[in-house]
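Notes follow the structure.
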Amino acid sequence: MDRAAITQIKTICPGRVSLDVDLGAMSWWEIGGKVRVMACPASIKEVQQLRYFAAQQNIPTLILGGMSNLLITDRSIDALCIRLGNSFADFDHRPGAATIGFQSGAWVPMVARALQQRGLSGLEHICGIPGTVGGLVMMNGGSMRRGIGSHVVTVKSVDRLGNIVSRNREECDFAYRSSVFSGQDEVIGEVDLKLEPGDSEAMRREMIDILRSRRLKFPRKFPNCGSVFKSNPASYAKFGPPGVLIERMGWKGAERGDAQVSPLHANFIINRGRAKAAEILELIGEIRQSVEEGLGHRMEPEVRFVRSDGRIEDIAQAYRAHLAGAEL
Ligand SMILES: Cc1cc2nc3c(=O)[nH]c(=O)nc-3n(C[C@H](O)[C@H](O)[C@H](O)COP(=O)(O)OP(=O)(O)OC[C@H]3O[C@@H](n4cnc5c(N)ncnc54)[C@H](O)[C@@H]3O)c2cc1C
C-alpha cells in the first residue's frame, strides 16, 4: 500500500490508524503476523468511506473484531484491516423499550451486562463469550446450543462498495452457527436486538452460574480460540459434542510443536508458547480426517483462517491449500 493511500485512510479515521500492527499480540491464540494498516472506525459513515476507498484503489480488506475465532497466518498481511472494536461500541436504548441497538464493536460480555442491568432477558447465555457483537452475529454464536440470531430484529451492514444493506431476521438466514454474513463480503455495522422483560437480579445470578461453569469446563491457562469444531444439534444427538469424538480417536493431549489438544477439553487447541499457525492448522486438519475415517462423521470447523493476502477462509480449505504447498 503506498503512502498516498495511507494518508487518505488517516483522513477518513483521524487518530485511529496504526501501521504494521502485530496481530500475534492481539489475537486470542497469540499467533499472527503484522498487518500493514489497521483502521478503527468510529461510525458507520467511516466504515462506508473506508470500503469505498479500498474498492476504488483495489486494496485488499480484512475485517476483524476481537480475533477470538481466528487462526491468523504467521506471515505479514499487506491489507487494510478494518477493526471493529472500542471506538465503535455504543448502544441505543429507550427506557422501557424491548429493543436495543448496538454498534458491532461492542464487547459481548459488556452487552450481556447492559442487558442484565436493564432487565432485558434472553441472551444471558452470551455473557462469557470473548468477542464483539459483529463477530457473534456473523456466526450466529451463543452458548448452550443457542444463538444470538433468535433475538435479532435488524442488521445494518456495509458492502464492498460502501453501500448500506439492511436486513431483517429472516433475511439474515440464521442457522446453527451460521448466517448469511458468513458468505458475504460485508461489514456488520449495527444490530438491533429484541428481548423479553426479565428480573435483573435473577439474570445476574444466572450469569454468575454460567461464568462459573465455563471457568471449570474450559482451559484458561494457555491462549486458545474456544471450540475449534462446531457442535451441531444432529451430530450432538448421535455422538455427543465434538470433544467426545476427538477424545475417542485418541487426540486429547496430542502435540505439534507448541500447539496442543487441550488435556482438559479436547475441542480446544492451546498455544503452550510459540505455536505456529501451520502447526495448529495441521492438528485441525488431521483431527478432522481421523474422526471422519474412524467414526464416519465430518466435523465442521468453527474457527476461520486469515491468509497473508487478507482473505478469511474456511479452515478445512486452508488446510488443503497448505497440504498442496501453498504459502498461506
Ligand atoms: C475462550 C473462548 C470461548 C469461546 N466461547 C464461545 C461460545 O461459547 N460460543 C461461541 O459462539 N463462540 C465462542 N468463542 C468464539 C468467539 O469468541 C466468538 O465466535 C465471537 O463471536 C467472535 O467474535 P470476534 O469479534 O472475536 O470475531 P473475530 O474472531 O475477529 O472474527 C471472526 C469472523 O467474524 C468476522 N467479523 C468480525 N466482526 C465482524 C463485523 N463487524 N462484520 C462482519 N464480519 C465480522 C471476521 O471477519 C471473521 O470472519 C469463544 C472463544 C474463546 C477464545
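Using the three backbone atoms N, Cα and C, a Cβ is placed for every residue, glycine included.
Proximity of Arg177 (active site) to non-local residues of its own chain (separation of 6 or more, Cβ distance below 8 Å) is seen for Met139, Asn140, Gly141, Gly147, Lys230, Asn232, Glu302, given in sequence order. According to TrEMBL, the active site annotation covers Arg177 (among others).
Ser227 (active site, proton donor) is surrounded by 21 other CB atoms, counting those within 10 A of its CB over all protein chains shown. Feature annotation from TrEMBL assigns active site, proton donor to Ser227.
A sphere of 10 angstroms centred on the C-beta of Glu302 (active site) encloses 20 other C-beta atoms. For Glu302 (among others), the entry in TrEMBL reads active site.
Per TrEMBL, domain 'FAD-binding PCMH-type' is recorded for 30-198. Residues belonging to the domain 'FAD-binding PCMH-type' (30-198) score a mean pLDDT of 97 in the model.
Taken residue by residue with DSSP, Arg177 (active site) is part of neither helix nor strand, so it is coil.
The secondary structure of Glu302 (active site), as reduced to three states from DSSP, is coil rather than helix or strand.
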